[in-house]
Amino acid sequence: MPELARGAAKALFELYDVVTHELLSSDLREQLDTWNLLARARNEGRLFSSIEWPKDPEIIEQVKRLHLLLTVKESAANVPKNLEARRRLEFFTNSLFMDMPAAKPVSEMLPFSVFTPYYSETVLYSSSELRVENEDGISILFYLQKIFPDEWNNFLERIGRGGDTRDADLQESSSDSLELRFWVSYRGQTLARTVRGMMYYRRALMLQSYLERRLLGVDGYSQFCFSTTQGFELSPESRAQADLKFTYVVSCQIYGQQKQKKLPEAADIALLLQRNEALRVAFIHEEESSAVDGKVSKDFYSKLVKADIHGKDQEVYSIKLPGNPKLGEGKPENQNHAIIFTRGEALQTIDMNQDNYLEEAMKMRNLLEEFRGNHGIRLPTILGVREHVFTGSVSSLAWFMSNQETSFVTLGQRVLASPLKVRMHYGHPDVFDRIFHITRGGISKASRVINISEDIFAGFNSTLRQGNITHHEYIQVGKGRDVGLNQIALFEGKVAGGNGEQVLSRDVYRIGQLFDFFRMLSFFFTTVGYYVCTMMTVLTVYIFLYGRLYLAFSGLDQQISEKAEELGSTALDAALNAQFLVQIGVFTAVPMIMGFILESGLLKAVFSFITMQLQLCSVFFTFSLGTRTHYFGRTILHGGAKYRATGRGFVVRHIKFADNYRLYSRSHFTKALEVALLLIVYIAYGHTKGGAVSFVLLTISSWFLVISWLFAPYIFNPSGFEWQKTVEDFDDWTSWLLYKGGVGVKGENSWEYWWDEEQVHIKTLRGRILETILSLRFFIFQYGIVYKLHLTGKDTSLALYGFSWVVLVAIALIFKVFTYSPKKSRSFELMMRLIQGVASLGLVAALALVVAFTSLSIADLFASILAFIPTGWGILCLAITWKKLVWKIGFWDSVREFARMYDAGMGLLIFTPIAVLSWFPFISTFQSRLLFNQAFSRGLEISIILAGNKANVES
C-alpha cells in the first residue's frame, strides 16, 4: 500500500508540473499567495504527500477513467468503435470551447417547452412490421442488424441475451419483444425516437439540479463532499425542479379518432405516455350534439392529456373551440390549436423526424441565456440551432443530401444570421421567444396553399414585427432526411412549390418594401431569389439553344462565322461557346465544399469532393436543378402548391421503372428530350467551325444535363441494372401503359388516370394563355426543317409549309386507322383488320415509290420525324390546355391515344439503354459500389441486402 501511495503522489506531482507549466497562464499575480504556499509545499516535499483513497465505487470508477485518459496510446484513437458515438463526443468536446454564455442554476433558468406536431406517421414499429419482407426478402429488422451490427450486439448484451440469439427467441419474452420494437424504432424516423430525444431535456435538468443541490450542501450533503450522480432520477426535488422548467407537448391532431377506431397508433402513443411521465398529448376531440331544430351538430374541443398512475389517459385541460379548427394547411393548424398548452418563456419547435442527445440537452440552459444576451439593437426573438442529419450513413444519395443540408444549417445559416441579418425559420429546431410570438400572431400561418411552407412564414412574421433572429452552433439537434431519390425529389418539389407561393405572398412584398437596399438583396438571394436564379439558369439553356436553332435555320450562323473570319474577329464565337464551358449543376455544391473546408480542413474536403464526384454527385445535383425548376415554375404559372408526403422509410429497395416514369416524366424526361432534340437539330443544320465533333465537345455540359435528367432515377435506383428486375419492370410498365382501368382506379395502376392527374394544375384562364404561348415553341422545328429538305430544294414559299401540315394530318389519319378497335361486331372487326393490313402495305409501297421517283431522300425521312415529333407534342400540349373545347369537338379520345403513343415512345427510348446495360453483370456490381460506397467501406453486408435474403425468418 505505501508503494501505491508513493506512486500516486508521484503521478499527481508530474500532472501538477504539466498543468502549471503548459496549461496555466504565466500571469499569476492575482493568486500569488496561494501559489507561494503551493511552491513552498512542493519544495519541502509535502505536496500530495497525504492522499485519502476513495471508497465510493462511483468515484473509484471515475479515477479509473481518468487513468485511462492519461495513459491512452495513439492506437486507441478510434475509441469508441461506434462512428456515431465518436462523432457525438467530438462535437460535444469541440462545442465546449465555443463562445457560449454561462448557464444559470436550474432554479433561475428560463422555463421552456418543446412542441412537436404529429398526424399519422409511424409511432412505433409493431412486431409484425419488423419482419414483413419487401419484394427482395428483406425485413426492417434484418436490414438494421446488417447496418448497425455493433449496436445490435450492444442491445442483446443490455437485455441479457447472447450474440447467437435468434429473432424468434426474443418473441418468447414480452419485455424483450417490446424492447426490440423500441430498438428498431429508435433507428427510424418515428415519433418514439423524437419523444426519447426530447425527454433528454428533462433528464439533463434533473441531473443538473441534483448536482447543484449537492454542491450547495442541500439534502444533508457536505459542500466539500465529492459529487456523484447516483440516484438523481429518484430525487423528488430534482424531478419537481425539472417539471417546473420543462414541458413537452406532442400535438397528435387525430389521436381522439385513432382511439375511437382502436388503431395501433393510439395504443403506441398511450405507451409513450406511460413510459414518459412528463409527456403531454394534445388533440382535437369531436362530440355530436343535437341542435334546436333536431339537426345533429358537432362540437370541437382542444384537449390535453397525460398518463395517470394506472397508465390511463388523464385529461388535464379541455377547451371548447368555436368550430372545426382545421381550416387551412394541416401542420400549422395542428400547431395553432395546441400552442396554448405550452408553458414557459421559450418554445422549441421540433418536427416528427428529429432526435436529441443527452450531452446536447445539457447545454440548453446556456442557449436560453442568449435571450438575455447582446445581439444588436433588439433582443433575440428566435434562436437558431444547428442540425445534424443522421440519415446520411449508408447510401451515396443520403450522403449527398446530408452534406448539402449540413452546409446549409451550419455555414449557410451562420452567414444569414450574421452579418446579413436575413436568417428566417426553416423548420429547424429553433427556439422561439414564446411570449413575443403568441402575442404577435403565433408561430404558424395556416392559410391554405399560400402557407404550404409554414415554417419560413414564422421567420417573416418575427422579422416584420421587429424581431431579431440569431444562429448558434455550440448546440445541435438530430434531423432525419429523405434517403431515396424519389423521396428527395418530392421533398425538393414541396420546398420549390412553397417558394413559388412565397413569391405571391404579402409577407415577401412587405419585407422587400421595408428592408434597406442591401439587406433586401441579401434576403432575395437567400430565399425566393435562389429559386428564381435556378429557374433562370435552366431557361437560359433553352433560350440559348433556341437562339442557335434560329441561326441554323436562317443560315445566319454560317454567314456570321464567315464574316467574322474575314475580319479576324473571334468575340462572337467566344460569347456563343462560353455558355457550354460551365456545368451548371456543380455550382449548387459550392456551399457544401466550403462547409467541408471549414469543418474538416482543406485536404479532407478535397478528398471528400473527389469521392463525391466519383459517386456521380454532379448527376444528382444537376437532376435536383431540374426538380426545383419544374415545381417552382409550375407554381409561378398556375399556383396550387401542395404538401407532398415523402415517406420516411429506410429499407433499401428497388423502385420500379413505371414508378420513376410517372414521377419524372413531365418534370425531367420531356424537358431533357427537348434539349436533346435542339442539340441534334443544330448538329444536322447548324454551322460550327470544326464540324459536329467540335460542337458536341462544346455542348458537353448540355449533353450532360440531358443524360442526368433522363437516367439519374435509374442510375441511383438500387438493382437498377439487374437483368431480372429489368424484365419485371418492363412487364409492369407495359401493363400500366395499356391498362384502361375502371371506377376507383388510381394513377399508379392505369396510364389513363395518371395522365388525367397530370393535367389537374391547369385551372385558370391566365394559366391556359401562358401554357399556349409556351407551347408555340414546338412548331419552330417543323417550320425550319421543311425548308432544309432535299425534296424542297431552295423553294421558300409559304405553300410548302402548308403542304407539310397536310402530310401531318394524313399521318394522323393513318395512325387513327391503325389504332381504331371497333366493338360492334366480329365481322366488322375482321374488316377493319383487313383495311389496316392493306393500308400498311400501301404506306410502305408509297414511301418506296416517293423515295425512288422524287428527290426525297432517306435523310429527309429522318428529318421529317425530327420535324413532326415536336409539332405533335405541341398539338398535344394545346389540346390538354384547352381540354373542354377539345372534348366538345369530340377529339379527346384521339388526343388521349396520341398521348399514349408519345409516352410509349419516350419510355422505350429511356428503357432501351437500361436494358442493354443490364445484359452486362459487372454494370450492376459497379452500380452497387457507386450507391453504397460508405456501407462497403465500413464493412457492412450491403450486398446481402441488395441481393435479397429469405433466410432471416426462422421457424
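Just so you know, glycine gets a Cβ as well, placed from its N, Cα and C.
Per TrEMBL, the feature domain 'Callose synthase helical' maps to 7-72.
The domain 'Glycosyl transferase 48' annotation in TrEMBL covers 79-856.
Annotated transmembrane segment per TrEMBL: 528-553 (among others), in sequence order. Residues 496, 499-500, 502-503, 508, 560, 576, 579, 584, 625-626, 628-629, 632-633, 636, 674-675, 678-679, 681-682, 685-687, 702, 705, 777, 780-781, 783-785, 787-788 of the same chain lie 6 or more positions beyond the ends of the transmembrane segment (528-553) yet place their CB under 8 Å from a CB of it.
The transmembrane segment annotation in TrEMBL covers 574-597 (among others).
For 603-625 (among others), the entry in TrEMBL reads transmembrane segment.
Sequence-distant contacts of the transmembrane segment (669-686) (same chain, six or more residues past either end, CB-CB distance under 8 Å): 541-542, 545-546, 548-549, 551-553, 557, 626, 630, 661, 692, 695-696, 699, 702-703, 705-706, 708-710, 781, 784-785, 788, 863, 866, 869-870, 873, 906, 909-910. What TrEMBL lists as transmembrane segment is 669-686 (among others).
Residues or ranges marked as transmembrane segment in TrEMBL: 692-716 (among others). Sequence-remote contacts of a segment are chain residues at least 6 beyond its ends whose Cβ falls under 8 Å from one of its Cβ atoms, and for the transmembrane segment (692-716) they are 396-397, 485-486, 541, 545, 577, 580-585, 616, 618-620, 622-623, 626, 655, 657, 660, 663-664, 668-669, 671-673, 675-676, 679, 682-683, 686, 910, 913-914, 927, 930-931.
According to TrEMBL, the feature transmembrane segment maps to 769-786 (among others). Residues 546, 549-550, 552-553, 637, 677, 681, 685, 762, 792, 800-801, 804, 808, 863-864, 866-871, 873-874, 877-878, 881-882 of the same chain lie 6 or more positions beyond the ends of the transmembrane segment (769-786) yet place their CB under 8 Å from a CB of it.
Annotation source TrEMBL lists transmembrane segment at 798-818 (among others). Long-range contacts of the transmembrane segment (798-818) within the same chain, counting only residues at least 6 positions beyond its ends with a Cβ under 8 Å from a Cβ of the stretch, are 782-783, 786-787, 792, 835-836, 839-840, 843, 864, 867-868, 871-872, 894, 897-898, 901.
Per TrEMBL, the feature transmembrane segment maps to 830-855 (among others).
Summarising the annotation, TrEMBL assigns transmembrane segment to 861-882 (among others). Within its own chain, the transmembrane segment (861-882) has Cβ neighbours under 8 Å at 670, 674, 677, 680-681, 684, 759, 762, 768, 771-772, 774-782, 785-786, 788-789, 804, 807-808, 811, 847, 851, 891-892, 895, 898-899, 902, counting only residues six or more beyond its boundaries.
Look at TrEMBL and you will find 902-923 (among others) tagged as transmembrane segment.
Among residues of the same chain six or more beyond the transmembrane segment (902-923), those with a C-beta under 8 A of the stretch's C-beta atoms are 657, 661, 665, 669-670, 673, 710-711, 714, 720-723, 725-726, 730, 733, 737, 751, 755, 872-873, 876.
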